[in-house]
Amino acid sequence: MAAVQHRATTRTSNTDNSTTKTKSKATSARKSPATKRKRVSAETARAAAALKGLAVEAPAPSIEANEPGQFGRINVMDITPAEERGIFPARVELGEPFEMTAQVFIEGRTKVGATAIVRNPRGKETMRRAMTCVNPGLDRWTVMVKCGEHSDLKPWEDGYAAVKRQLGEWTVTIEGWEDAYVSWLHDARIKVRVMDDVDNALNSGAELLARWAETPDTGLTARDRKTLEKAAETMADQTLSAEDRLAAGDNPTIAALHETHPLRDGISPSQPQRFKVERPKSSFAAWYQFFPRSEGATIDPNTGKIIQGTLKTSMAGLERAAAEGFDIVYLPPVFPIGVTNRKGRNNTLVAGPDDPGSPFGIGSELGGHDTVDPLLGTMDDFKALCQRAHELGLEIALDFALQCSPDHPWVKAHPNWFRHKPDGSIAFAENPPKKYQDIYPIDFNADMPGIEKEVERIMNLWIEAGVTIFRIDNPHTKPVRFWQDVIAAVTKKHPEILFLAEAFTRPGMMRALSYVGFTQSHCYFPWRNTKDELEEYLPVTNGDDGYYQHNTFWPTTPDILTAYVRDNGVAGHCVRAVLAAMGSPSWGIYNGYELIENKQRPGFEEQIDNEKYEVKVRDWSKAKQYGVAEMLTALNKIRRAHPAALSYHNLTVLPTSDPNILAFARHTPAELTGTGQADTLIVVVNLDGHNAHQSMIHLELSELGLPTDRPLNVRDELTGREFQWGWDNYVSLAPWADVAHILSVQ
């Protein structure tokens, strides 16, 4: 149903004009000797009923639920999403469409309606939308709403102050109300059809329409009120047939007024449901990762040795990320790397003289987490990198791995921050049978307040340098309360800062991390490759979990190279990119993906010659021969052009007839797109990187808000080709031609 606009309306009395018209018509009737019919207005019908001692049914009174658990005149309950444990509000990005549902009902056969009202942090109503009953048997009502308007403005850009004012705690209230018109219409149609107590039924309808016209908070225009008054007069006219009288109140014009400006009796608002509305890029984001030491790295022609890149040469990586349409550049730790127990190539225990070590073995005599590795440059170089990123419209996300090499300054300054063995030595990190001899884990039981204070100091330092996002390495191996305190302290001073959790762990821990402030998270998408796996996983990511845990889809990372990506070549890389970009509002690419770097280290699901342990020299001119960079660019362009890609709450899996063809749709109604036009994307992917497949794709047009009376004109956003679609549609996709369709409904 269309949005219901409610505003107080000062009505100019039309009594004199109405009376004049009635008298004129009565006079005209008296002039005709053949007829002595009497025409009555709705007011006359009501007065006549009162003189006969009849009770016209009173409208339901409005009763508010002033306390939690209290019911109003209309029952409203089981609202979703609800505040988790009554403490943690659901989280959405500014302008992100999301679904509200509730059970709304009343005693007996009376029909009800429901409306969702959105209010900003200052209590101002910003949206009011009628809900739709999707399951009458369970009294379940639903509607899509949004908090504020979507924006692409970055924290440093002009105009961001206006965005910032919209962030914070919003509320959505569900109002249940008695739908007197629909209740009357249901019974009146039956009574007229069987000619049972027709006059009472139609006079009741005339009274109802007249009351509807007089009600001040319906948002009716003067013209609308005239329409209802005239309909009431016609319905009360006993000179007309019962069918004609009923038609006065049962027609498309009255139905349209009911859709947009209904008569709402017994309005019963629920308790407001809180939502935490976060800044742009908290949900809808495109990430790009590269290692600064590999950007601009070259091979010395005289010695054959690698000359590593620096923060200055990393400007090329920024240019590439921006050209491909990404929003965020994610850098691994840029801090000094320890020497003691430094790892060699492919995570070997002994490093060679030219091995740079892992940037996750943090800290040396040159400094710790608050220092730039001199091999990369200086803090001024880092600030210049951030400044250039901002000029390109990119945010900088810095990896913050809270662990230390044996050479970290903390080891001497704060030995109590580390676990000690009985022999007095510090225990290195272990996850049996894996051992990380170059890393000392932190012991949070010794001095958590002291560690929190130091981490807050360091994060503030990098924020001042230009960082707007922290990607936290393995946050699930640290206390949740620690992160709760740190994130609260950092965002109190810098509310624009976002946190991503690199946490592959149990659902409970991932949910807890989202509660305490991690706006996005890595997830198990890389291992969801079959049709069955994806049909199960996509609705989970884009369902109720999406109100708290914003999964970011990465096809690969420095630590993850699955068999699917290894075995399916260019087509497989394109398939996984399409699934990542269209399957989640947040997705990311680790550089080298454009060059089909898909050789696994034997026995491990990671790349051989892992960039974590060495500098990689890449020839980016070869990227053109694969076409993957063009695919990444196209995907980001499509995402930015289509509001349907913005939300974690609008994905529907579509039935297909082939086990290798996956299809899903994203739909955002016109009222929520910001363009005034509905936006629907239909994504169809061939999961087989070696063979062509054909399939029928079924669309439930009405459920997707699409027209059912004519063919749909759809455009493939990847190729520009156009097709006509309907309920059932044939597709053929091949890895050497089109691996996917991304169809936009025109």
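Using the three backbone atoms N, Cα and C, a Cβ is placed for every residue, glycine included.
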If Swiss-Prot says Lys343, Gln403, Asp438, Lys612, Tyr613 bind alpha-maltose 1-phosphate, which of Asn460, Asn474, Asn636 does it name for the same site? Asn474
Using other CB atoms within 10 angstroms as the count, which residue among the binding-site residues Gln403, Asn474 scores least? Asn474
Just the number: how many Å between the Cα atoms of Lys343 (alpha-maltose 1-phosphate binding site) and Asp559 (site 'Transition state stabilizer')? 15
Taking the Cβ of Lys612 (alpha-maltose 1-phosphate binding site) as centre, how many other Cβ atoms lie within 10 Å? 20
Tell me, which recorded positions from Asp438, Asp473, Lys612, Tyr613 are within 10 Å of Asp559 (site 'Transition state stabilizer') if we use the C-alpha atoms? Lys612
Neighbour count, 10 Å Cβ-Cβ cut-off, for Glu502 (active site, proton donor): what number do you get? 20
Rounded to an integer, what is the Cα-Cα distance in Å between Lys612 (alpha-maltose 1-phosphate binding site) and Asp473 (active site, nucleophile)? 14
Most isolated by CB count within 10 A, of the recorded positions Asp438, Asp473, Asp559, is Asp559
